[in-house]
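Read through the structure below, which is laid out as structure tokens, and then see the notes.
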């Protein structure tokens with residue numbers, strides 16, 4: 001009798017289980033359990049199933065908590081390691097960033113811009129530090145060559161003697177840098193020796209930089225206002241020059257300049273003119289592997305210029321609003337022309353004219369990847385289309401060469417920022 005009752009109990013329990021789920025979970029399995037005779041067998045089975053589910057959930061939560069504890073411990077260990085490394089880096093940065101350093105290209109970085117500066121100096125590896133010192137030496141040598149050119153033009157024996165003294169100092173510094181590079185390659189020298197050697201070299205560089213700056217200041221006081229060039233030695237988002245004057249409304253223009261660059265890929269942006277509501281009102285740019293382009297009201301024409309060979313080149317672009325006709329000249333010869341470039345759109349007035357950077361906003365929003373790297377001089381703008389003969393006179397430094405009637409190249413009208421420099425330059429005397 002008891003066996004029959006147990007069989008009926010299992011059968012009823014199976015029916016309850018089958019009736020409580022609508023999904024098919026595969027082959028049916030029967031579970032027998034002891035329950036009182038007068039108990040509700042279906043309710044008992046459901047309660048048992050709920051208890052099993054709760055037990056399973058508790059086990060899963062326990063496993064999750066254990067895994068999270070392990071993760072937290074691992075992350076704490078990682079944080080300790082990173083904190084230690086950061087402390088070492090900060091200590092090394094403090095040693096490397098002494099007050100007597102002479103660094104080319106400035107060291108300033110615009111906060112919050114989110115742009116790549118690409119010109120900040122490395123603060124950790126000794127080899128990269130020596131590379132930066134080498135760049136500084138090269139920059140000082142170039143400035144010295146300009147002083148030498150100036151002394152030849154003015155036949156000053158005092159300037160010549162100073163030039164010889166500075167050249168001797170530069171030669172000594174080059175020997176010190178070369179010796180330090182050889183020591184690094186042989187694996188000699190510890191961190192203390194590195195710091196001491198670098199301090200000596202940078203102290204000499206600082207002294208040399210100050211002396212050349214003094215000579216250049218005296219040179220600037222004596223040179224004509226248009227006999228200068230701008231130099232942008234590094235691709236950064238903070239090195240640029242600004243023209244104090246703005247442009248009037250123009251229905252035609254000619255823009256000409258001397259350029260020298262060996263930057264690759266792309267020489268960057270020699271100049272950009274932005275107005276409220278249009279950052280690309282007038283832009284000359286070559287970036288990436290694209291050819292040089294002229295933008296007017298954000299409309300583009302590709303130009304046939306090839307100028308990144310490290311030599312001086314004279315370039316001009318003319319444009320008229322009627323049919324958007326344009327012409328491009330390199331070294332006095334027309335190399336390309338076209339039409340339908342922003343036709344019937346006059347150049348808007350009251351904008352900001354920047355040399356060396358492309359503007360994403362009015363007067364700012366610079367991007368290092370589009371910055372100009374090289375040298376620029378005799379930037380002039382006219383409010384008309386120059387003739388081929390007039391362009392040729394400019395490229396050959398003829399006595400008949402004209403100055404821009406809208407923007408004329410004058411040192412007093414150019415402000416420099418972020419480490420850009422002004423050096424003496426005379427077109428056709430220093431060409432290549």
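Here the Cβ of each residue, glycine as well, is placed from N, Cα and C on the backbone.
Under the heading Ca(2+) 1 binding site, Swiss-Prot lists 280, 358, 359, 360. Of all Cβ atoms in the protein chains displayed, 25 besides its own lie within 10 Å of the Cβ of residue 359 (Ca(2+) 1 binding site). DSSP assigns residue 359 (Ca(2+) 1 binding site) to coil in the three-state reduction, outside any helix or strand.
As annotated by Swiss-Prot, N-linked glycosylation site applies to 154 (among others), with the evidence given as sequence analysis.
The annotation N-linked glycosylation site is assigned in Swiss-Prot to 193 (among others).
What Swiss-Prot lists as region 'Disordered' is 88-122.
Positions annotated as signal peptide by Swiss-Prot: 1-22.
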Counting Cβ neighbours within 10 Å across all chains shown, tell me which of the binding-site residues 358, 360 comes out on top.
358
Around residue 280 (Ca(2+) 1 binding site), which residues of its chain at least 6 apart sit with Cβ under 8 Å of its Cβ?
272, 274, 295, 297, 298
Whose Cβ lies within 8 Å of the mean position of the Cβ atoms of 280, 358, 359, 360, the Ca(2+) 1 site, other than those residues?
269, 272, 274, 279, 283, 357, 361, 365, 366, 370
